[in-house]
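Notes to accompany the following structure.
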Amino acid sequence: MTAFLTALALGAGYNTALVTIGAAILGGSAGAIGAFVLLRKRSLVSDAVSHGTLPGLALAFILMALLTGDGRNIVALMAGAALSAALGLFCVEWITRRTRLTEDAAIGAVLSVFFGFGIVLLTVIQSLQTGGQAGIAGYLLGSTAGMLRSEAETIAVAALATGAAIFVLRRPFTLVCFDEGYAATRGIDVRLTDLAMMGVLLAVTVIGLKVAGLVLIVALTIIPPVTARFWTDRPERMVLIAAAFGAAAGYVGAAISASDRGLPTGAVIVLTAAAFFALSLVLSPVRGLMSGLATRLRFRRRVHERQGLLALARGEAIYDPLTIKVLRRAGHIRADGVATLEGRAAAAAAVREEALWGLYRRLHPDEAAALDHQGLAPIAKALPPDVVADLAARLDPAGAGAR
Amino acid sequence: MGTDFVVLSLVPITIGILVCVSCALLGNFLVLRRQSLIGDAVSHVVLPGIVGAFIFTGTVAAGAMLLGAGIAAVLAVLLIEVVRRVGRVEPGAAMGVVFTTLFAAGVLLLEQSDTSSVHLDVEHALYGNLESLIWLAGGAGWPALLDPGALAALPPQLPRLALVTLAVVVFLLVFWKELVIGTFDATFAESVGARPGPVGFALIVMVAVAAVAAFDAVGSIIVIAMFICPPAAARLMTDRLVPQLGWSVAFAVVSAIAGYVLAGYGPLWLGAAYSVSAAGMIATVAGLILALACLAGPRRFGTRTAARRRRPSPGRASHHQSSISNSLQV
């Protein structure tokens, strides 16, 4: 625990601190670009991108091993990974655009074939008998344990650069996510913007390979944005919140991972992000489980109160225990079930409300169907005053005539 | 092509074919239902399943592993549904959240538990070891196929996968009508009582069964490739479902055989003294077949009429223009 707190306070050595900060910046960038990609409904494209890096990684390793004797050159590996991921991305685009296959099939095909070919190349590397083979295995699941200072610095700086790119491009990204046509009329090249979005996604993926590993990096671009979606309906805020969740997951996860052995960085970061997601799923004020439950209970209470009051007005006996409980809590009936004075007044008001709503539904069926509270809200608050006055005027002469 | 082949290659090739065919058959429906990536999700979830089973039972017995992986796969599918419905998250993202989280949990559990004494690692779950499934009892060559004693010594993966392939075929035959209606028109299926919901879930369970049975022979990644590549390539060859299934099975068999042979002998032909991963090569060959189908498959643009529209010959183009100007005059 103390080791964790030390790492959290960046006190566990320069390298660990650098990795922790780098993971936080990476998580932030991944969350931000992931938010745009989620809004564009293309989250799983990042899965194809991350798996697509493997052949390039392996080829770069082989090339560097043949040229210099050691394949572990992070810049060369990143360049190779980026090139093959770009090829994978191009294949996804090309298959989706040029053939009848849908994007999910294209993504699945590209990710599995590229990964399979990458594994073929990995077995070639195993037979090469050069040094540093463990270095390439670290890219599968991510490892920051033996990371060099220069590697950590490269990752931190590159992640910061992608963050800056996202900041610069945020307006066109947002417009394209929400309304392609409008974006086009504003003079934004939709294809170019999409390309830039995928380019940034690719960059984040490649930078994150060493930290999270190519199987898990995709989580950093999906989980924080989905988490952020629980907390807001506004795109700018969603991007910021996703970046914050991503950065927090990267920071806390890297610190936990540094505090003990047997805590692989990528897995811990992803599980931290997943914990934020689970909490948001339960606690979110708008879309969460708890608020959904509360809304449901409130709605049920209002239905029972309304129906109970109508029954009181008609002088009918009430048997439903929940209705009795709700009415008694509100002071509409006494413990023995007899209506109080307030209860009778409320019952009369409920009858009138119901009649007004009924008239409104008859006169304006379409507008009434569009309301989402099914006439349980007080009509004077739900509708404009002139409409209510008109309804009341129509209701009263009719009532007088009947009498 | 004698004794050596029977001992070293016959069983891996047969297993490869069985895996590829069972996955490709189910994959046709996944591709048509736009659920291709369910196979991806399910295969990743196999890892936490087997690690969980190991921690629970302390052994690496095949039964426990398969059960653990199966439970994890079904759990993942249910979780994806929960996240999608409760959180109102779009399906792709819900899938991404669930399978990466479970995979991360599997990696962490694996690191935390003491698995140093047993052969259990992430790489194995990802790309298996098809080449190791040799049949030592087949030393007598082809006649060993008739020897009950030698047959009893077959790697257990072979009968298991044969059973799964049979189960897949039976499943498709029994639920054929429901599957087809539910795939092409779920609303209509509901209205005629074909229950697309339960049948769709049964399809996913079969996908999980096929993926789980296959992973310890060939690893997860080839399973994903087989769920998608042969059916996707077959989709570009024909507009009809039964021929599509036929094409996909043919592509799967070709991938399995060609992939295995290329992995085993390809490097030797190039003068190197080693072989490469058979699972990876099978996936690569499947990808090449798909690439060819994308470039030249007769139905790559859609139905016959759609294809004609996409590929206007010069004469047709002018005809098209004149029809537009005609309609403008009207």
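Backbone N, Cα and C atoms are what each Cβ position is placed from, and that goes for glycine too.
As annotated by TrEMBL, transmembrane segment applies to A:12-39, A:51-68, A:74-95, A:107-125, A:155-175, A:195-226, A:238-256, A:268-290.
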Seminar exercise, completed: Between the transmembrane segment (A:195-226) and the stretches A:12-39, A:74-95, A:107-125, A:238-256, A:268-290, the largest tally of CB pairs under 8 Å belongs to A:12-39
Seminar exercise, completed: Sequence-distant contacts of the transmembrane segment (A:238-256), meaning Cβ under 8 Å and at least 6 residues beyond its ends, amount to 4, 7-8, 19-32, 34-36, 39, 144, 163, 166, 170, 211, 220, 223-225, 227-229, 231-232, 263, 265, 268-273, 276
Exercise. Under 8 Å, at least three CB pairs between the transmembrane segment (A:155-175) and the transmembrane segment (A:12-39) (pairs 6 or more apart)?
Worked result: yes
Exercise. Is the transmembrane segment (A:12-39) packed against any residues at least 6 beyond its ends, judged by a Cβ distance under 8 Å, and which are they?
Worked result: 3, 6, 45-46, 144, 147, 149, 152-153, 155-156, 159-160, 162-163, 166, 173-174, 177-178, 197, 200-201, 204, 207-208, 211-212, 217, 220-222, 224-226, 228-229, 235, 238-240, 242-251, 253-255, 258-259, 265, 269, 273
Seminar exercise, completed: Tertiary contacts of the transmembrane segment (A:74-95), defined by C-beta under 8 angstroms and 6+ residue spacing from its ends, are 45, 48-61, 63-64, 101, 103, 105-107, 109-111, 114, 136, 139, 148, 150-151, 154, 158, 198, 202-203, 205-207, 209-210
